[in-house]
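Trainee: Starting off with a structure, shown below.
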Amino acid sequence: MDKVNLTLVTEFFLIAFTEHPEWGLPLFHLFLFIYFFTLLGNSGMIFLIRTDHRLHTPMYFLLSHLSFMDICYSSVTVPQTMAVLLEHGAALSYARCVAQFFLFTFFGSIDCYLLALMAYDRYVAVCQPLLYVTIMTQKALLSFVAGAYIAGLLSALVRTVSAFTLSFCGNNEIDFIFCDLPPLLKLTCGESYIQELVIIVFAIFVIPACMVVIVISYLFIIVAILRIPSAGGRVKTFSTCASHLTAVSLFFGTLIFMYLRDNSGQASEKDRVVSVFYTTVIPMLNPLIYSLRNKEVKEALRKIFNRIKIL
C-alpha cells in the first residue's frame, strides 16, 4: 500500500538561500561578478599559454586544460544558481537534473585527475630534472590528458547511473544550489544501499586516489628540496610548486568536506557555503593563484600589456 501512495518525482525545485529573500538580488550580483571574472581569468590564462612560447611547457599545457575545465565546471552550476537567487527558487526537470549532475561530475573528476597529473609533473621536474624532457614528452602529455578525460567520463557515467536508479518521491525540494549527490540522497524513498556503495567506490577511485598521487609526489619533492644545500635554492625550488599546492589544498579540502563524510541529515548553511566555494569561488581563484605566484605568467602578462600600450 505504501508503494501505491507514493508519488514519483518528475521535477525538482532548487530552494537554496530562499529562506532569506532579501539576499536574492545582492547574491545574484555577487555570483554574476564572480562568474564574469571566472570566464575572463581562465580564458585569459588559456590565451596566454597558447600565445607565449615561454609557457609552452608540460606544466602550462596541463594548466590550460585545468582552466578550460574550470570554465565548464563553473558554467554547469553558476547560471543555475543565479536563476535560483533571482527567482527565489527554480524548477528543474528530471532530465535537466540528470544532465547537470552528469556534467558536474564529469568536469569535477577531470579537475581532480589534472591536479594529480600536475603534481606528478612537479615531481619529475624537481626529483628527476635530467629526465624531465624525455618523460614529459608531447605524446605522454596527450596520453595523460586523454586518460583524465576518459576516467572522468567513466566516473560520471557510473555515478549518474547509480544516483538516478534511485526512486525519488514525495518531497521534491532540493535545499542546495544545484543537483548534487548529498541533497539528492535525502529525497530517496527506497533502499539505496547498493547505489551508495557504488558512490563510495567512486569517491575512493577519484578523490583519495588522486590525493595519494599528490601526497606521494610532494613527499618526494620535500625530500629532494631538503637535500639542496643552499636556503636560496630550497626557496626557489619550492616556489615552483607553491601555486599548485595552494590550488590542491583549496580544491581537495572542500571536496573532502562535502563527499568523504557522513551526509545524513538536512543540508546545513555550512554545506551550501562550502558548495559555493568549490563550484564558484575556486574556479575564479585558480588563475589568480597561478598568475600572482608564477614569474613566467607575470612576464607574459607584462608583455601583453606592453603591446596594448604600443597600440
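Just so you know, glycine gets a Cβ as well, placed from its N, Cα and C.
Sharing the feature lines straight out of TrEMBL:
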TRANSMEM  27-48  transmembrane segment
DOMAIN    41-290  domain 'G-protein coupled receptors family 1 profile'
TRANSMEM  60-78  transmembrane segment
TRANSMEM  98-120  transmembrane segment
TRANSMEM  140-158  transmembrane segment
TRANSMEM  197-226  transmembrane segment
TRANSMEM  238-260  transmembrane segment
TRANSMEM  272-292  transmembrane segment
Trainee: Have the transmembrane segment (140-158) and the transmembrane segment (60-78) got at least three CB pairs under 8 Å, pairs 6 or more apart in sequence?
Mentor: yes
Trainee: Please identify the stretch among 60-78, 98-120, 197-226, 238-260 with the greatest number of Cβ pairs below 8 Å relative to the transmembrane segment (27-48).
Mentor: 60-78
Trainee: Counting only residues 6 or more past its boundaries, what in the same chain has a CB within less than 8 Å of a CB in the transmembrane segment (197-226)?
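Mentor: Apart from its flanks, the transmembrane segment (197-226) reaches 109, 112-113, 115-116, 119-120, 122-123, 126-127, 155, 158-159, 162-163, 181, 234, 237-238, 241, 245, 248, 252, 255-256, 259-260.
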Trainee: Averaged across the domain 'G-protein coupled receptors family 1 profile' (41-290), what pLDDT does the model get? Just tell me the whole number, please.
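Mentor: Value for the domain 'G-protein coupled receptors family 1 profile' (41-290), mean pLDDT as a whole number: 85.
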